[in-house]
Amino acid sequence: MEEELKNFIKVWFYAIISVAYCYYVSSRIKPGVLRLLSVLPVIALFLFIPLFFSSVHFSGASAFFFTWLANFKLILFSFDKGPLYPLPQNLPRFIFFTCFPIKPQQNPKSQNQIPKWVFAIKVLIFGVLLHTYDYKQHLSFTTLLVIYSLHIYLELEILLMLVKVWVFMFLGCDLEPQSNEPYLATSLQDFWGRRWNLMVPAILRPAVYNPVQRLAEWKMSSDHARFLAVLATFLVSGAVHELIFYYINREMPTGEITWFFVLHGVCTAAEVVVKKRTFVGRWKVSPMVSRLLTVGFVVLTSGWLFFPPLIRGGMFVRLPNEALLFIDSVKHKIQRDGRRTQELHQGLGFYNHLCILLLLPINQNQSIKPGGLRLLSVLPVCVLFLLLPLFFSSVHFSGSAAFFFTWLANFKLILFSYEKGPLYPLPQTLSRFIYFTCFPIKSQHNPKSQDEIPKWVFAIKIVIFGVLLRMYDYKQHMSPTMLLIIYSLHIYLELEIGLMLVKALVFISLGCDLEPQFNEPYLPTSLQDFWGRRWNLMVTAILRPAVYDPVQRIAEWKMSSDHARFLAVLATFLVSGAVHELIFFYITHEMPTGEVTWFFVLHGVCTAVEVAVKKRTFIRRWKMSHMVSRPLTVGFVVLTTGWLFFPPLIRGGMFEKLPNEVLLCIDFVKHKLFNFSS
């Protein structure tokens, strides 16, 4: 099972890169044969993907999603047809729409026609079904035929429900309904066209049926052309099923599957022709009778032609065994290591609670008005986010959790309680709400804003950071000033690289960009420029409506606007200092000394004074050169940082832990990649 999971990861890695190639390359080539030729390497890869697996479930699922769905979609996409046309908005949606049964024009409510308790009953039946295989030697062939039919149907339903949950978590949208209670079909046309595996008919119609019908109408009547088109569609479906069965059984095709689909194609086409006759139109069969006849015909012909290759290949022995083996494997993994089990439960519990608790404010958006009552309903989430960094012992994990949850997410949720801040207006889906809450993203963001700085600048920063890590080996030979510069660079560069990784995660998941968090903070011309327009911009954007604006409005009742502005700036920096004290406590696990708060108070006073002085007339006339103001500003920030900001971190050993953890992480990744490739 572990080997299969490794292959599963490899397959998805190859698939994502291949589909990304189709998105970026093929979309720049005009529809037609040339685009089809450019997509052919990906189609060939998807034909080989099921051969990576030996289990029925993995090989069958990959054959269905890649060899069948994805390949036919890409062929249609080459001619601007099918579910991938028009082109989905972004790469993640293109990947999901290519590999899963989703259409961009889908209607999520279409899935809600069948009550959820019906699916629960199906899961229960499937569980009972797995255990009936223990007694199959005592069952008649007819009973086994019914069990096999139920197994195929229920396992597909459950598999697609798992995919549905995954798609909903990433994209916030639903799957196209794949089956519509096929046991209620009143005719073969109803079964194959409107009730069974609905995405496949939606793909085969433009890929096979329509072209064959158009070509055939040049040589024969429309009825004969339609008959031929139906037959060709079923023939292609049979050929693909033969291929899928080969992936599962690894035995050469016998042709039985193809004959099964040819038989159903002929019968379906004949049924359509007969229905058009006048005398048949007057004679209506009861739905109870037609359902029994249709389902009976499908089950009997399945037992005659469809199931024998699967039975000979031992699929109905392997299927329940693999399912039960997977369940036992999960149990064994959980019980094998008590400590890891506890951490796993904590992690899973955290994410489950996170999703549930974040869903609560969304539901309250309609039932609870903005104000104190909504804030009270959000407070349990805020308390949870205050405790999250304590789950970790490493600097990176505790610091990241403190920044993303304790600071960003909590302030956003508080502002959301009053319909302000980055979460207002409410993001469209739960997945977007979670990402916008926990990461520095705004709904009104402009993805192109990040492109102002060339990408080669970021590459240089990575190189500098790599050199910086090695310089710590020689820090005993460096002066305090040199160490101060190294520490300052380290903090800035690690934040930049960390946010770039988050940016990649957000882009893959949502197809959107992060708000820019830094704007080259080594180039400020003043403290106002540094704190307001260059450093940690999302924090500034949150503190303004959360602290600055309310304090200024309240203060203006008692004092002049200049004094109110001064007090608002000071309060904002004071709150920032208090939050930094809390973050430093999470990182160092030592009681705050107040130095960090004084650092922000000092910068708050200096920034407020700077703003007030700039408004004086004689200062406006006197402009300082940027060559002078930049070194003065950066120098003041670095010196005060060394005086008040870094000492608590140095005493807590953070600048020994930081490079050690980074190098340990790099070694861990190298080790995992080496083992993975081998």
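For all residues, glycine too, the Cβ spot is worked out from N, Cα and C.
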Looking at the candidate ranges 373-392, 493-512, report the one that TrEMBL labels transmembrane segment.
373-392
Out of 43-61, 62-80, 632-650, let me know the one TrEMBL marks transmembrane segment.
632-650
Given a Cβ distance threshold of under 8 angstroms, which distant residues of the chain, six or more beyond its ends, lie next to the transmembrane segment (453-472)?
478, 486, 489-490, 493-494, 496-497, 500, 520, 655-656, 659, 662-663
For the transmembrane segment (292-311), name the stretch out of 145-171, 227-248, 373-392 with the most CB-CB pairs under 8 Å.
145-171
What parts of the chain pack near the transmembrane segment (227-248), using Cβ distances under 8 Å and only residues at least 6 beyond its ends?
50-51, 56, 59-60, 62-64, 67-68, 200, 204-205, 207-210, 212-213, 216, 220, 255, 257-262, 264-266, 268-269, 272-273, 309-310, 313, 315
